[in-house]
Amino acid sequence: MFDLLEQFTILFMEITVYIFIWSKFLYKDHDTSIYKNFFIVLIGSIISAIDMTYFHNTYTMLFNYVLFVLLIKVFYKKSIVKSILEFFIVCFISMILQLAIIFIGNLIGFKYSSKTSYLISAILIEYIVVLIAYYLIYLRGNFKRFDLDSKILFYFLINLGLYFTVFKLIWENDREFIVDNLILFLMTILIILIVNLFIYNYIVKITEAKKTLEVQNKYTPILEDIIEETRRRQHDFKNYLNTINGIVEVCTERELKLELKRYIKSLGTLNKSIEDITYIDNVIIKSLIYSKLCDAERNNIKFSFNVENSVIEGYLNDCEISDILGNLLNNAFEATKCRAEKEVILNIFIEDEKHIIEVINSGKTIKTENIVNIFKKGFSTKGENRGYGLYNVKRIIERNNGKVQLFFEEDCTVFRILFVQKTSRGFRFTKKNKA
């Protein structure tokens, strides 16, 4: 019974560290429940302690790890693949910390021991290190969670998972061998990690550059249309002046004001909008707005915009800007097409040091009961194989330390995006460095 209690204590502390690393550094939805985490730790500790005390065999380690992954999947309704990938990351981080603690302990005279007191002390030190890291990296810095939807990261994690599995098999069967060659093992693991991170970072940069080029090529024809439209309207400007001069010549003073107003109104608002677009620096934003102006004219939608320059470029790359604005504007236009009052507004501005994107459309076009699910993957009121647009928007925003808000205001639906960075003094709104 005493052995069971010892195993339970050690496992409870170790799984607590695992859960803390997972919930604070990996789980991007950031809505982990204390109660769920407690039950995962408790159930995992009890079952694993019984297994290790009374049924210990070659497969005990594998059973315990599978149990942990299944508990995460069941309590948080995550896919089994993501649960396994996140587990690999947690274990790899914990493994490096444990080896570092054993190495430093050996240097200062605390030799490795399998005694319960040593193991508990090592886990406590590991937990303190993780807490300090969380405070320094996340609360005080520009922390960015891994995007486990990335296929590139998927393959790298499988690679690291294989290394981790080999190491744990050696650890479980011959711990003294690792302790005696601790420096060699620690250096090997660090080199493997650094090389993998370097290669991963290099491939990601190349992939992002390729995506950016594809997005720019996609909007190049639209940009050429804007230039051509501007040239045409500059050419037409002379005709407008001649027409106005003709109106002045043939109308009486009483008729002049009314006729000039009527003529200017007949030119439409697109002239002013095209002129405003030319002052927007970002090519992607400029092209998207022009495309939507043409769409608005075809569908009789009143579309207006207020775009300040250099507001979101420090947070989002061109691909992300295209995805976010494209999805939000497409949804807003689609929602207003069947309404009597058709109006869409795009605002990009800075307010109280907050960098904000705001898309407003007339009418409360989202049912109240759907608000909770609107950003969930696959949720849509438009039919099957839909519902990924807003999910992708939310994922991009959170990946870049932003917030997304959805609310109703004066019979309008408002999507608002704010970019936020946490600090020890509260929230700070700053720009990230571009790669």
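Just so you know, the numbers here start at 1 and follow the chain as drawn.
In case you wondered, yes, glycine gets a Cβ from its N, Cα and C as well.
Pulled from TrEMBL:
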- 6-27: transmembrane segment (TRANSMEM)
- 34-52: transmembrane segment (TRANSMEM)
- 58-76: transmembrane segment (TRANSMEM)
- 88-112: transmembrane segment (TRANSMEM)
- 118-140: transmembrane segment (TRANSMEM)
- 152-171: transmembrane segment (TRANSMEM)
- 183-203: transmembrane segment (TRANSMEM)
- 232-423: domain 'Histidine kinase' (DOMAIN)
Result, the transmembrane segment (183-203) in contact with the transmembrane segment (152-171) (3+ CB pairs under 8 Å): yes
Confidence summary (mean pLDDT) of the domain 'Histidine kinase' (232-423): 79
Whether the transmembrane segment (88-112) meets the transmembrane segment (34-52): three or more C-beta pairs under 8 angstroms: no
CB contact flag for the transmembrane segment (118-140) and the transmembrane segment (6-27), at least three pairs under 8 A: yes
Residues from the same chain, set at least six apart from the ends of the transmembrane segment (6-27), whose C-beta lies under 8 A from its own: 37, 40-42, 44-46, 48-49, 52-53, 68, 72, 76, 86-87, 89-91, 93-94, 116, 119-120, 123-124, 126-127, 130-131, 134, 138, 145-146, 148
